[in-house]
Amino acid sequence: MSSLQAMKTLSLVLLVALLSMERAQGLRCYRCLAVLEGASCSVVSCPFLDGVCVSQKVSVFGSKVRGENKLSLLSCQKDVGFPLLKLTSAVVDSQISCCKGDLCNAVVLAASSPWALCVQLLLSLGSVFLWALL
(Lines of atoms letter the chains of each structure in order from A and count residues from 1; the text may use other names and numbers.)
(Lines give C-alpha, C1' and ligand atoms only; values in the text may rest on other atoms or scores of the structure.)
Protein backbone atom coordinates (compact mmCIF):
# COMPACT_ATOMS: atom_id res chain seq x y z
CA MET A 1 0.00 0.00 0.00
CA SER A 2 1.49 3.33 -1.05
CA SER A 3 1.67 6.25 1.31
CA LEU A 4 -0.84 8.15 -0.86
CA GLN A 5 -3.41 5.35 -0.52
CA ALA A 6 -2.74 5.13 3.20
CA MET A 7 -3.29 8.89 3.54
CA LYS A 8 -6.57 8.71 1.58
CA THR A 9 -7.77 5.80 3.72
CA LEU A 10 -6.82 7.59 6.93
CA SER A 11 -8.58 10.77 5.74
CA LEU A 12 -11.73 8.80 4.94
CA VAL A 13 -11.70 7.08 8.35
CA LEU A 14 -11.17 10.44 10.09
CA LEU A 15 -14.04 12.03 8.14
CA VAL A 16 -16.41 9.20 9.03
CA ALA A 17 -15.37 9.43 12.69
CA LEU A 18 -15.95 13.20 12.79
CA LEU A 19 -19.38 12.88 11.17
CA SER A 20 -20.31 10.15 13.64
CA MET A 21 -19.21 12.24 16.63
CA GLU A 22 -21.60 15.04 15.70
CA ARG A 23 -24.54 12.63 15.70
CA ALA A 24 -23.30 10.92 18.89
CA GLN A 25 -23.74 14.18 20.77
CA GLY A 26 -27.47 13.70 20.43
CA LEU A 27 -30.39 15.90 19.61
CA ARG A 28 -29.84 19.66 19.80
CA CYS A 29 -32.72 21.89 20.91
CA TYR A 30 -33.30 25.55 21.61
CA ARG A 31 -33.73 26.28 25.32
CA CYS A 32 -35.27 29.39 26.81
CA LEU A 33 -38.01 30.17 29.28
CA ALA A 34 -40.56 32.97 29.09
CA VAL A 35 -39.52 34.11 25.60
CA LEU A 36 -41.09 37.30 24.37
CA GLU A 37 -40.61 39.07 21.05
CA GLY A 38 -36.95 39.66 20.20
CA ALA A 39 -35.55 37.27 22.80
CA SER A 40 -32.94 34.74 21.77
CA CYS A 41 -32.53 31.16 22.90
CA SER A 42 -29.44 29.11 23.61
CA VAL A 43 -28.70 25.80 21.91
CA VAL A 44 -28.33 22.78 24.19
CA SER A 45 -27.80 19.07 23.65
CA CYS A 46 -30.77 17.06 24.84
CA PRO A 47 -29.63 15.00 27.87
CA PHE A 48 -32.09 12.21 27.09
CA LEU A 49 -31.11 9.38 24.76
CA ASP A 50 -34.45 9.36 22.90
CA GLY A 51 -35.64 12.85 23.88
CA VAL A 52 -37.68 15.45 22.02
CA CYS A 53 -37.44 19.19 21.45
CA VAL A 54 -40.46 21.02 22.83
CA SER A 55 -42.01 24.37 22.04
CA GLN A 56 -44.79 25.60 24.34
CA LYS A 57 -46.87 28.57 23.23
CA VAL A 58 -48.93 30.21 25.94
CA SER A 59 -51.54 32.92 25.62
CA VAL A 60 -53.31 34.49 28.57
CA PHE A 61 -56.55 36.47 28.47
CA GLY A 62 -57.25 35.48 24.88
CA SER A 63 -54.46 36.71 22.66
CA LYS A 64 -53.56 39.82 24.68
CA VAL A 65 -50.59 38.19 26.40
CA ARG A 66 -48.44 35.66 24.56
CA GLY A 67 -45.10 34.00 25.09
CA GLU A 68 -43.19 30.77 24.63
CA ASN A 69 -40.97 28.21 26.35
CA LYS A 70 -38.47 26.02 24.50
CA LEU A 71 -36.69 23.04 25.99
CA SER A 72 -35.92 19.35 25.63
CA LEU A 73 -37.78 16.60 27.47
CA LEU A 74 -37.66 12.83 27.80
CA SER A 75 -41.02 12.49 26.02
CA CYS A 76 -43.74 14.69 24.59
CA GLN A 77 -46.18 15.88 27.26
CA LYS A 78 -49.08 17.52 25.42
CA ASP A 79 -51.45 17.90 28.37
CA VAL A 80 -49.93 20.47 30.71
CA GLY A 81 -52.27 22.35 32.99
CA PHE A 82 -51.82 25.48 35.05
CA PRO A 83 -53.46 24.59 38.38
CA LEU A 84 -52.39 27.80 40.13
CA LEU A 85 -54.08 29.92 37.48
CA LYS A 86 -57.47 28.31 38.07
CA LEU A 87 -57.59 30.25 41.32
CA THR A 88 -57.21 33.57 39.47
CA SER A 89 -59.84 32.76 36.81
CA ALA A 90 -57.32 33.67 34.11
CA VAL A 91 -58.02 32.28 30.65
CA VAL A 92 -54.86 30.38 29.67
CA ASP A 93 -54.31 28.54 26.41
CA SER A 94 -51.21 26.36 26.13
CA GLN A 95 -50.17 24.65 22.91
CA ILE A 96 -47.27 22.21 23.01
CA SER A 97 -45.51 20.86 19.96
CA CYS A 98 -42.75 18.26 19.99
CA CYS A 99 -40.23 17.30 17.34
CA LYS A 100 -37.15 15.10 16.97
CA GLY A 101 -34.93 17.03 14.53
CA ASP A 102 -31.94 19.18 15.45
CA LEU A 103 -33.07 22.70 16.38
CA CYS A 104 -36.61 21.94 15.20
CA ASN A 105 -38.25 23.99 17.99
CA ALA A 106 -37.13 27.29 16.43
CA VAL A 107 -40.44 29.08 15.78
CA VAL A 108 -40.87 32.10 18.04
CA LEU A 109 -44.30 33.42 18.95
CA ALA A 110 -44.56 37.18 18.62
CA ALA A 111 -45.69 39.19 21.62
CA SER A 112 -47.13 42.68 21.70
CA SER A 113 -48.68 43.52 25.02
CA PRO A 114 -48.14 45.56 28.16
CA TRP A 115 -48.74 42.34 30.12
CA ALA A 116 -45.25 41.02 29.29
CA LEU A 117 -44.14 40.72 32.92
CA CYS A 118 -47.24 38.67 33.70
CA VAL A 119 -46.49 36.33 30.79
CA GLN A 120 -42.91 35.80 31.93
CA LEU A 121 -44.14 34.67 35.32
CA LEU A 122 -46.80 32.40 33.82
CA LEU A 123 -44.39 30.86 31.34
CA SER A 124 -41.86 30.20 34.07
CA LEU A 125 -44.55 28.41 36.06
CA GLY A 126 -45.53 26.43 32.97
CA SER A 127 -41.96 25.30 32.40
CA VAL A 128 -41.70 24.20 36.04
CA PHE A 129 -44.80 22.07 35.54
CA LEU A 130 -43.27 20.57 32.38
CA TRP A 131 -40.09 19.61 34.23
CA ALA A 132 -42.14 18.25 37.15
CA LEU A 133 -43.80 15.78 34.79
CA LEU A 134 -40.48 14.00 34.38
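Cβ atoms are placed via backbone N, Cα and C, with glycine included.
When Swiss-Prot is consulted, the disulfide partner of CYS98, picked from CYS46, CYS53, CYS76, turns out to be CYS76. Between CYS53 and the candidates CYS29, CYS32, Swiss-Prot records the disulphide pairing with CYS29.
Note: Swiss-Prot links CYS41 through a disulfide bond to CYS32 (candidates: CYS32, CYS99).
Taken as a whole, the domain 'UPAR/Ly6' (28-76) shows an average pLDDT of 84 in this prediction.
The Cβ of CYS29 (disulfide bond) has VAL43, VAL44, CYS46, GLY51, CYS53, VAL54, LYS70, LEU71, SER72, LEU103, CYS104, ASN105 as same-chain neighbours under 8 Å, each 6 or more residues away in sequence.
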